[in-house]
Each structure stands twice: as C-alpha cells, then as structure tokens.
Amino acid sequence: MLSQIQRFGGAMFTPVLLFPFAGIVVGLAILLQNPMFVGESLTDPNSLFAQIVHIIEEGGWTVFRNMPLIFAVGLPIGLAKQAQGRACLAVMVSFLTWNYFINAMGMTWGSYFGVDFTQDAVAGSGLTMMAGIKTLDTSIIGAIIISGIVTALHNRLFDKKLPVFLGIFQGTSYVVIIAFLVMIPCAWLTLLGWPKVQMGIESLQAFLRSAGALGVWVYTFLERILIPTGLHHFIYGQFIFGPAAVEGGIQMYWAQHLQEFSLSAEPLKSLFPEGGFALHGNSKIFGAVGISLAMYFTAAPENRVKVAGLLIPATLTAMLVGITEPLEFTFLFISPLLFAVHAVLAASMSTVMYLFGVVGNMGGGLID
C-alpha cells in the first residue's frame, strides 16, 4: 500500500513541475501591467508594450487554465505499467469523452440533474470550460479519478489478444473503446452527485455571514482545504465577486468605498465587517514562506539545491500575485495531512486578524 501511495505521489509530481515557470510568467506579466511599477504610459491598453505583455500573460495561464487535463494526462506517466505514452493518449481521449458526455447529458437532461447548462461558466456557477467543453467543475479530483480508471483499464487490457479480424482494435484502441463505454455511467454519476456537493457548499453561505469570527474561520478553512476539488470557488466566488456578503461583491464594494473609509474616524471593522471574508490572501503571503522552508529543510541535503530551484519561483508567485497552486499542490502530494494543518493555520490566522480589527480586500498577494 505504501509503495502504491508513493507511486501515486510521484506520478502527480510530474504535472506539478510545470507550475513554477508558468507562475513566474504570469507574475511578471501582472507586475509589468501595474502602473505603480512601469508608469501609466506603458500600461495604456493601446501601447505596444501593454499588448505584448498581455499576449505573454495569456500564454502563461495555459497550465493554470487546463490543470485538470494536465493532471489527467500526467497520472499514467507514473502509474501505467507499460507503454506510458499510449496510456497518456488513452486517458486524454477518455477524459475529454467524459466531459463531452457530461455536457451532452447536462444540456439534454439538465433539469433532471438540477444543473443549468445554459448559464455562462463563471466562478460560482458550478461549470467550467475544459478544452472548449462546458462541463461540471470537478477540478483535479475528477481528473485524477477518471485518469485512474482509464490507467487501470490500460494496465489490464492493453496486451489483451483479440481475434485476427479485430486486430486493428487491439492495444490503445481497445482501451479507448472500453473506456468510452465506462465514461457513460461515470458522466451520469458525476451529474447525479457533484451538483449536490456544490449545493451543500452554497448553503453554507448564510451560516458564514451570520457567524462572526467563527464564520471567518470556517470560510478561510474551506477556501484552503477545498482547493484540490475546485469547490473553493463556491466559497470565495460569491463573497468576493458576488452578493453573498455585500452587493456587487467585496472586491467592488471595497474599491467603491475606499475613500469613504479613509475619511471616517470609526474603526474599519465597524464600517466594513464583511471585509473579514477577504483576509485569506494573508496565508498566501506569510504561509508560503513557512511551507517552502519546511520542504527545503526536510529534503535530503544532496537534493536541497534542486528543491530550492522548484520552491523559490513557486513561493514568489504565491506571495506576489496569490497564485498558490504550484506550491500548495506540491505540498499536498508530499503530505496531505500537513496540507490540512495548513488550512487550519490559515483559518486561524485570518480569524485572529479579524478579531484584532483587520478587514479589507486581501484575497490575493502583495500586489493586490
């Protein structure tokens, strides 16, 4: 069992290695679009500099916007017993097939499943765009499950001998054919169960709003612990960008009333208590350093230079722009238990700050 867990962790580490460079590109691009750093003239949308930076930034988002697909394809590299390249191909085709089935079933029988597939795939909708397919947002959890199923089929069926007249379907084609049939009930079960999980998360909003400091703790804890599932969007999305806390979302409300807050002699917490739900970014700034140092000093001495090369860009990305996936996914696969401890500490940090009267729009990194 331990060896299988280690193999799984090693397989998941392959896509994680793609995050640091992508994070650096996005972080630098965001910096270069900030007028405080480069001046107003260079950040003008009509300037050649701003246009080039925007193009580079879009390329940098590739890994982050396609995380489920990348994790799905990355799993067979470590878990397929043979023909890893062919296993990756089978997983990619099957994962996309699963999402197409979800889309088709959702569009056809959406009312039965309680999912509105006609709405836009935005944060809080429960939907996402995956390789151009509107589908349920199951994040890397769905990707890992489907990839694991197809990889298991590959390990069992890739070498299976078929009759001579069916020889053209032997190998990868046979795996994909069987996986095609398996993806139908998988898509059905996903549509049947996942929206209920999403609705359960949404129902927490009323409790979070009315629970004061406890609500801030639970909010921040769930926002961190649910990152691997994609369900964290249901936690922060409606608070930061939607009307769960204030009309228009905390981010817009903060920008609109910032001058009013600065002129008032009242404590900021009494003026804007809802700002306690936007303190989760502080763990990205301060917690990232602790996570990185822990991984560095627990690494074997001969590997510390390599580990530092991975951790430094990931940590800077988390601290500056609040993109924590490169660091937290590495952390998650190394020690899931400590990732849960990290979520507890992040929640406790936000709650203590809130109790001391600190509120505001602090959901991102230092630049935010």
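One is the number of the first residue shown, and numbering goes on along the chain from there.
Cβ coordinates are placed from backbone N, Cα and C, and glycine is handled just like the others.
With respect to the membrane, ALA11 and LEU157 are annotated on the same face, judging by the topological domain names in Swiss-Prot. In terms of DSSP secondary structure, the topological domain 'Periplasmic' (350-368) contains 6 helix, 0 strand, 13 coil.
Comparison of 130-150, 277-297, 307-327 by number of C-beta pairs under 8 angstroms to the transmembrane segment (12-32) places 307-327 first. Among the recorded stretches 87-107, 130-150, 199-221, the one sharing the largest number of Cβ pairs closer than 8 Å with the transmembrane segment (60-80) is 130-150.
On the 0 to 100 pLDDT scale, the topological domain 'Cytoplasmic' (195-198) averages 85 in this prediction.
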